[in-house]
Every structure is written in C-alpha cells, then in structure tokens.
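Data first, discussion second: the structure below is written as structure tokens.
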Amino acid sequence: MEVEASGTEDNGDGGAKEPEAVVSIDTETKEAADEAKSQETVPQTPTTSSDSSSSGGGGEATDGTPNAESADPPPPPPPPPPPPPSTPADSTAAAASPAVLTEMSPPPPASTSSSSSTPAAPINLLDTCAVCKQSLQNRDCEPKLLPCLHSFCLKCIPQPDRKITMPVQGPHGQDTRIVNVMRCTVCHQDYKQIDMVDNYFVKDTSEATNTSVENSTQVCTSCEDNASAIGFCVECGEWLCKTCIEAHQRVKFTKDHKIRKKEEVSPESVGTSGQRPVFCPVHKQEALKLFCETCDTLTCRDCQLLEHKEHRYQFLDEACQNQKGIIATFMTKLQEKRGLVEYSASEVQKRLKEVAETHKKVEHEIKIAVFTLINEINKKGKSLLQQLESVTKDRSMKLLSQQRDISVLAQQIIHVLNFTNWAITNGSSTALLYSKRLITYQLRLIMKARVDAVPPANGAVRFFCDPTFWAKNVVNLGNLVIEKVAPTAPPSNMMVNQQISPGHNHPGKHSGQINLAQLRLQHMQQAAIAQKHQQQHQHHQQQQHQHQHQQQQQQQQQQQQQQQQQQQQQQHQQQIQQQMRIASQMSQHPRQGAPQMIQQPPPRLISMQALHRGGVNGSSHMFPPHHLRMVSAQNRMPSAQPRLNGQPYPMMQPQLQRQHSNPGHAGPFPVASLHNISAANPTSPTSASMANAHMHRGPSSPVITPIELIPSVTNPENLPCLPDIPPIQLEDAGSSTLDNILSRYISANAYPTVGPTNPSPGPSTHSPGSSGLSNSHTPARPSSTSSTGSRGSSGTTVDQVKVKQEPGVEEECSYSGANVKTERTKDGRRSACMMSSPEGSLTPPLPILGSVSTGSVQDILRTLGENVKSEPQSDNLSSCTNPNSRATLTNGTSGSNGGQRGGATNANSQTTAGKEDDPNEDWCAVCQNGGELLCCDHCPKVFHITCHIPTLKSSPSGDWMCTFCRNLANPEIEYNCDDDPPRNKEKNEMAMSPEEQRRCERLLLHVFCHELSTEFQEPVPTSVPNYYKIIKHPMDLTLVKRKLQRKHPLHYKSPKEFVSDVRLVFSNCAKYNEMSRIIQVYDEEKQSNVQADSEVAEAGKAVSLYFEERLLEIFPEQTFPVVMEKETQIEAEKEDSDDSDDDIIQPKRKRLKVDTEMLLHIK
C-alpha cells in the first residue's frame, strides 16, 4: 500500500482538523495494482480489499526513516526489523518536516479479514493510543502522530513540559518565537508541539475499513453531505450519492465516466479509494493532488498556479515513486546501523557472559583454596589432638598405677595399726609375746616401704600457637588480580560517523576501508624507497674493489642518508604501527636487540595465513620445515604468549574482537618484523648469536636473518560488522589498482639474474614467504615442473620436485626429490606472504621474481656460500646452505638465466594439473596445521618434519614413508634424524633395541595423532590452580618424546619405562580432576563447576583407552602391568608415619635428670 505524507513546519500552530502539516494519502499495493490491471481498471485508481488492507492499512512505516513504508507483513515495533526483499519497491514516501520520523505501520483496516494473517501485537502498537489504549480507528478520536512515531488521541496528548525560544525568519529579518516543548509519555523524547501531525494512516485506514467491509454504510466521497452512496465512478474512483451521480452525468467532463452500482462494485476495483481526499486549507473545494518540489509540500491546483507559480512540482504518483527511492536508501543505511547495534548488543552480552563465567571460575578457585586450607587445618588439628591424647594417656597410666600402689599400702598400714593396737590393749601378755615376732616383722616391713611425701610434678604440656599472627596473615592469603585492558578507540565513532552513499553497490563496506588501502599503499611506497636505497648500496659494493677510498667516503655519506631516511621512516612506521596496534592489539614482541633492528626500513604488509581452529595460527612455517620452528604458529600459543609479549592472552582476545570490528583501522593484516628468534624458539642454539652478530656488523656485511610473522589472533569471520573487504590478493595480478602498482614497482626494481660469475651476488633470505612474494607479484609464473631439465652455467640439472599445490595457492616451495606440500589455510584464503628483505636497506632483494630457480644445485650452494661464509652455521638452518644435503629449497633462490620468465605463460595450467587426484591429506596428522608437509608414499598422512616421530633433521630425498608404514623388524628406509646415540658403550648396552625403539616411536606417534591429545602434548601451565601442589610428578607427551631419543641423558632403557611415563600423563590428569570433585561439598553450584573440568578428564580417558589398545597391538607378546605410582607410594608411607607415635619428639634423658619440669613440644 503506498502512502504519501507531507507537511510544512512554518504554517501555524497545528490545529486539530486543519493542521499546518497537510497530508495526502494515496494507497496502492502491488497486489492490488496487479489485480486492478487484470480487471482492466485504470492503474491510477487505488483499490481497497481485504488483501490489500491486510498488508498494512494506511501504509507501513520504514525503519526509522522520515517517511512511512508499506510491506507484507508490517514490522514489529522498535528495534526495527529488516525489511522484506520487496520492501524498497513498495516503500512509501512522506515529505514531512525534518523533525518527523516515522516508525509505525497502521494495522489492517478490517480486523475480520486480517486477524489470521497479521499478529495482534504489532497492530495494537500501531493503531492504539499509547495512553488510553483505545483504538484509533474511530473517526472522532482525532489521532495524532508524534515525531517519535507514537500515536495518541487528541485528548491524551501530554501537556507542554516547557517552552523554548527559537529564531525564525520574520518579515523584518531575524525574529524569535516561543515554542512549546512536549515529552512523549512512552519513550520520554522531547519534541516541539508544531511538529505533531494528524495520523492520517489510522484515519484513512478506518475510513477504508468501513467502506470496504460495510458497503451499506458507505457515504458519498464527492460531497460533504454525508449522504449514503449508491454508485461508484470507476474513472474517478469515488463513491457517489444520488445527487452527485446526476451531477456527474450532467457535467461534460465526467458524463462519459462509467458508474457502477454499489452492489456490483468488487473490492478489487474499489481499493482504498474510499478515503476522503484531503482538501487545501486555502481553497476549500480543491483536493491536494500535486507535490511542490521547491517547497516540499502538497498543494492543490490553484495553489500551484498562484503561490507556487514557476515552482517545480510533480503529480502524487511520480512524487511517491521518487520518495520511495529515497526511503529505500535510508532503510539500507538504517539496516546497516541496526546490524552494528545488534552486534554491539551481542558483544555486550558476551562480556556479561564472560563476567559471569569469570565470577564462577574465580569463585571456584577461591573455594578450592579455602577448602584446601580447611583440610590442612583439620589434618593438623587431628594430629595435634592425637599426639596430646597419646602423651596424657601415658602419664595417666603411670599415675593410676602409683595410685593403686599407694592405696594398697595405706590399707596395709591401717590394718597393721589396728591389729597392733588391739594386741596391745586387749591381748594378754602371753599372746603378745607369743606373736611379737610377726607383729615386729610386719611393722618393720611397712616402715621400709618407700613413699615420697610429694610425688614428682608432671611435665608441662603446652600448645604454642600465635593466633594473632595467623589472623594477620589471613589478609595475605589471596588477592584478586584484575588485568587492565589497553584503551581503545570508541566504537561509537564507527557506528555514528559512517556515511554510505545512496545506491551503493556494497552496503556492508565502510569509509574506513579507503584508509586501509591508503595504509597499504604507504607501506609499499616506503618499501620502494627502501628498495632504491638497496640498489644504491649494492652499487657501492660492486665498485668497492676499484675505488676503495672513494667507496669509503660514499659509504659514509650513504650511511648518513640512510640514518636520516630511516629516522623519517621509523617515525612514520611508528604512527602506522600505532594505528595497527589500536585495531588489532598486535604490538611487537619486546626482544633483545629490538632498538637496533627496528632501524630497518618498514616492512611490507603480509597477507595473513588463515586462522585455524579459532586459535593463533599464523604462518605456520615461515621457513622450510627443517628451519626454525616458530612458536607463534602453534596451537599452543596461549601458554607462551605471556612470556613473549608480556601481555596476558586470555584478556587480550575479547579486546581484539572489539577492535577488529572497527573497519577504519588496519584490521587483521599482520606486519613482518625482525625479532630475536631465540626467545621464541629455545631449540635454536645459534640464532641468538646470529642476531647479535648482525647487530654489531657493518652495513656492508650480508646476513641471513630469520623473520617472524606476528599473526592476528582474531578470526575476521567471527565479526559480522567487519567490512566485507577481501585482503589484497596479490596472486590475481591486474585485479586491482594496487596490484598493478605493486607489479610495476617490482618489475622496475628487479635485479638481473645472478650467475656464478657475478663477483658479489646478493644474499637472499631462505624463506618460503619471500619466495611467495616473488611468485605472487607476477601475472603469470612458471610452476616448479617448468624448471625441470633446465641447465645452469655448470651444466648440472636440478632434480625434479613434486610439489603438492592446493587450489588457490600461489606459493611454491620445492624440495629436491621429496614431496613437499604447500597448503592453503582452512578458511580458504590464499597463503600469499608479502614481505620486504629482512636486512632492510642493507640487503638486496631476491634476484629473480616470479620464476623458479633453473640453476644447478651446486651453483646455488656456491653462491650462498660466498654470501654467508662469514656467518656461523646453525643446525636448524635451511639445508639449502649445506652442500651435504640433497633436499634443497629451490624456489626463491637465484637462477642462472633471467630469460626463464618468458616461459611464464604456461605456469597456471601446469600448477593446476593434478590437484583433484591428489590422495594426500591437507593437514599435518599431528598438529593439524598446514604449511610445507612431507607426504608419505604409502598412506595419505602428511607431517611436518618436526612433528614426525622421530623428528627429522632435514627433508629426505627420494621415496619416503612415515613411521606408520615402515616395517618394524626390517625397516625399508633409515630416517635422517638428529638422534645419535651416546658414545658410552655401557649406556648403549642398557638402552632399548632398535626394534623396540621403533615400536615405541610408532606407539607415541599414534598418541600424538589422536585428536584429543593436544591438551597432553605440552606441560600444564602454572596458571592452572593447585596443579603442581596436587601433582608431584608432572609428565607430558613432549617430554616423553624427548626421552625417547637416544641422545637424551634419561633415555628409556626398556619399553616398560616408556609405557609407565605415558600412563603417568593420563593418571595425573585423572588424579587432578578427581581432586576437583571434592569441592562439591563446599560449592553451591556443584554440577557446573565440576563439569568445567570434566572435558579434559574425559579426553584423558579416551586417549588412555586408545593408548592401551595400540599398546596391545604393537606389543602383543609383552605385558605391562600397572605399576603403583611413586607419588602414591610416598603418600601411603607418609600416612603410615603420620598415624604412628614416631612424630612425637620425646624429651631428652639428659633434661629429665636435670629439670623435672620439662617442656614437651608437640608438632
């Protein structure tokens, strides 16, 4: 249904029936129009039917736009819902005052016909007074529409809240006028009284309802007599009474019109034409049928000829269509803003959930700590009570024995005294003398009995404890550590200040993307400047032998220029990095030597290798697999993150998600940076020395510096409000202006081919990322197979290399004779690494761009040897610099013929061959990451050389099979692994046999490949509460892997030791989680807290069962009984000792003799 509303703001003070805002309603739905065409009626004639009325009555309002809009069905009240796909075409226009914003759509005119199709809640909100809750479809209620789009009856309109003075343009210049300010009782928004208009949506809907449903009560719409209509003019679209029909037929202009009887009129032909026309307030007899574009108001024909003479005007239908387009644009913008608001609401909800989860977690930890202390206090109290009872019982027994002896003696004395006294007083002399001997003996015997007059005092038993000391220290029992997050740019700027042009093809994009593209272009321009300086410096190096003295002067000048240029570039880079840091929170890791290294020219941006499993998976293998393994590329990054950059990882993750939602910043595009690799990779013994040597070396000495990528830790796919802008796809040459600029820049600065006769070849960085840069900038590049058979100057050929190329991957890394796999990331993005030379202005770029090396292996090694002969060699460096290794990374190194680029036209067809029939998997079987992988020739599994067990020293040559496929008794191949046994013969004799070693390696590799074993591959972080208090002998699979190597000092002597350690990993997990169940007694929310720890416990049980099954399969002839853990034995012995009386420190005998009042100290 089409609705037009327009009003003027400066015509008066808003009457009840003839307000300043004059509104004209002309309704028409798509369905009604189609049906009208099928009925051969005039298209301009609006019709009223139950179907058309059910779509919104007087029209449906747009979502927060200044005009009303109709659609099927009407949207619910705010927040505004997204419009249906057909809404922009059916949206209505309203040229009202700027202060009026509509948000509502009136209900269907007939409740009987629309009750089944339209929900009741939106109807009540749209056609009901917000104060008295009465229906507004009454003609006498005078419905009013407020600027906040709430409808009120005229009697329910709130009284003016205050008055303000507004400047107005008067006849004599600037003037002021007092305006009433009112406040909506529903939404409490302030508005001016003059901005309030009649709600013609409801009024005309009510009239349309009465006319379309009850034809018997239809009144004439051509006159003002309110006479009953008996006919309907099809051409005019008006109901006519008997008098009007006669007049209609008499007038020459309308006498040919077709008039139907009321009973014959179909609802489709009537439509909403039963609405009364809105008449001009000046010319009472003229309807408002024109729209003045100049004045933005509805006019009648007379007004257009008089007051609006020579103004631009349109008919209502044409103006309605124009306003529809404007409204559709506003709707698009508002829908985008609605998405941002909903995303912000969801983020707030997430933060609330995080707060609740943090509360539960910390509460759980506090209860564990308190419960642990309570347990220890109870134990100590029971032990003290037991010791006290033992001491007092012993003393009581001794005193009771003395008491019995004394009682017996006292009775004996009384008896003897009584008998003697009776014998003396009552007995005869003969009897006394006769019994004297017995009486005297008994008296002497009792007299000899030794009785102490004062028994020895008891030794004092005292309890020494300072309650005040413990009460004071309870304050320091535990503290809450609240980590502060770095301040970020307010997200409101992103939502409020975004401007989207009407009719934009991509409504999801924001203006901040232009800044991002400019940022990238600035980086490339800086890299171009650095490239020019590199050329100049290389030129000075070539002339060094001829003009040594002149070279020194030029070198000093060049260094000064470089320092100035580097300072400028460093300042600009710091500004850019600050913006990048605000957007992605990826600040550079503070390393040793960073101030010296940061003086390099700013590196180019690197297209991020896709994130994997929601964790921190950047470029997993920046080097070939036998290079330094980057810690930042692993799934277990959170444990290493606080050590690397000093910032807690869990608190950083939500902040990154908020900052990535701001499209005005750099987004998820990491920057290559130079770092001290030894901090990230402890297994590299010489990388630190190389970095330090580079810092103390002059600018003319070449060096191979490892490059570390800082990956973004936020998956952009999880951010719905991010702009839908793809990263710079450097592989698709010519696809964008940036790509063309980049291609021209690279081709203009490319060096000629460096052959073996070149006196000073430029050193190149042995990095697949660097070679990926070379290949990605060329529109067409030859594949690795195109270099087969090509010869260098020495006449030797490069061995053909099988490269597993995934769809969409433009980066190639070749190994001689081995199957090397370059993977695309899991989210489908191409792994195109674009970086500058790591030496900055000190090192020239790669000699050949876009082509695979065609020179011989010996030439390459000799060329590299000349460049790095002054550098210390590391075991972890690429075997490209080792002449003894046959597995050579040929991609990215210098060839001998620059004309090889001419064969680049067949590159794409060759690289895409064989992609579909590749039987190998796409991800490493252990770490589930992509990168350069070794493909087994007998099974589909692939591995990184550092993930395989045993770990390989370098990439193998020829056919290769994994540990799963190799024969245990008689292996087909021997691995080139850095696992030389110790020279001590005794240790070799005590070690496992080679077959047992291979069996243990296969069993451990099975465990590593289990999908639930990730939690057990690394040591448990110290942040896990009370873990190292409960677990006294921690163990992890990586430690088992190291101990399985024969060079390890604690190498396993038998498979039983190996099995025992693996079982210890899972028993520790079960023990820790079993301990956590004790907290149920003191926890109010038992199930939730226990369930939080049960996931790792269930994973431990599953992997343990899997390990036992594989153990029976690999060692069928051996049995490995479960040995009681050392910790359990120690605890059992400790409990036995606690129950005994040995813990009581007995008093020394020397003090017993000296001091009878000895103090007995009890533990």
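Backbone N, Cα and C define each Cβ position, glycine as well.
Some features that Swiss-Prot has for this protein:
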- C220, C223, C244, H257: Zn(2+) 1 binding site (BINDING)
- C280, H283, C303, H308: Zn(2+) 2 binding site (BINDING)
- 27-38: compositional bias 'Basic and acidic residues' (COMPBIAS)
- 45-54: compositional bias 'Low complexity' (COMPBIAS)
- 72-87: compositional bias 'Pro residues' (COMPBIAS)
- 88-99: compositional bias 'Low complexity' (COMPBIAS)
- 524-533: compositional bias 'Low complexity' (COMPBIAS)
- 534-548: compositional bias 'Basic residues' (COMPBIAS)
- 580-590: compositional bias 'Polar residues' (COMPBIAS)
- 678-691: compositional bias 'Low complexity' (COMPBIAS)
- 753-797: compositional bias 'Low complexity' (COMPBIAS)
- 821-830: compositional bias 'Basic and acidic residues' (COMPBIAS)
- 870-889: compositional bias 'Polar residues' (COMPBIAS)
- 1133-1144: compositional bias 'Acidic residues' (COMPBIAS)
- 991-1114: domain 'Bromo' (DOMAIN)
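Shown on the structure are the features that Swiss-Prot records.
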| residue | record | Cβ neighbours (10 Å) |
| --- | --- | --- |
| C220 | Zn(2+) 1 binding site | 21 |
| C223 | Zn(2+) 1 binding site | 15 |
| C244 | Zn(2+) 1 binding site | 22 |
| H257 | Zn(2+) 1 binding site | 15 |
| C280 | Zn(2+) 2 binding site | 19 |
| H283 | Zn(2+) 2 binding site | 15 |
| C303 | Zn(2+) 2 binding site | 23 |
| H308 | Zn(2+) 2 binding site | 19 |
Top Cα neighbour of H308 (Zn(2+) 2 binding site) in the set of binding-site residues C220, C223, C244, H257: C223
DSSP three-state assignment (helix, strand or coil) for C223 (Zn(2+) 1 binding site): coil
Candidate nearest H283 (Zn(2+) 2 binding site) in space, where candidates are the binding-site residues C220, C223, C244, H257 and distance is Cα-Cα: C223
Coarse DSSP state, helix versus strand versus coil, of H308 (Zn(2+) 2 binding site): coil
Distance from C223 (Zn(2+) 1 binding site) back to C303 (Zn(2+) 2 binding site), taken between C-alpha atoms, in Å: 21
Rounded Cα separation (Å) that holds between C220 (Zn(2+) 1 binding site) and C280 (Zn(2+) 2 binding site): 19
C-alpha spacing of C280 (Zn(2+) 2 binding site) relative to C223 (Zn(2+) 1 binding site), in angstrom: 15
Where H257 (Zn(2+) 1 binding site) sits in the secondary structure, as DSSP reduces it to three classes: coil
Helix, strand and coil residues within the domain 'Bromo' (991-1114) as assigned by DSSP: 87 helix, 0 strand, 37 coil
Near-site residues: Zn(2+) 2, ref C280, H283, C303, H308, CB cutoff 8 A to centroid: V282, E286, L288, T299, C300, R301, D302, Q304, L306, E307
Rounded to the nearest Å - Cα separation of H257 (Zn(2+) 1 binding site) and C280 (Zn(2+) 2 binding site): 25
PLDDT averaged over the residues of the domain 'Bromo' (991-1114): 85
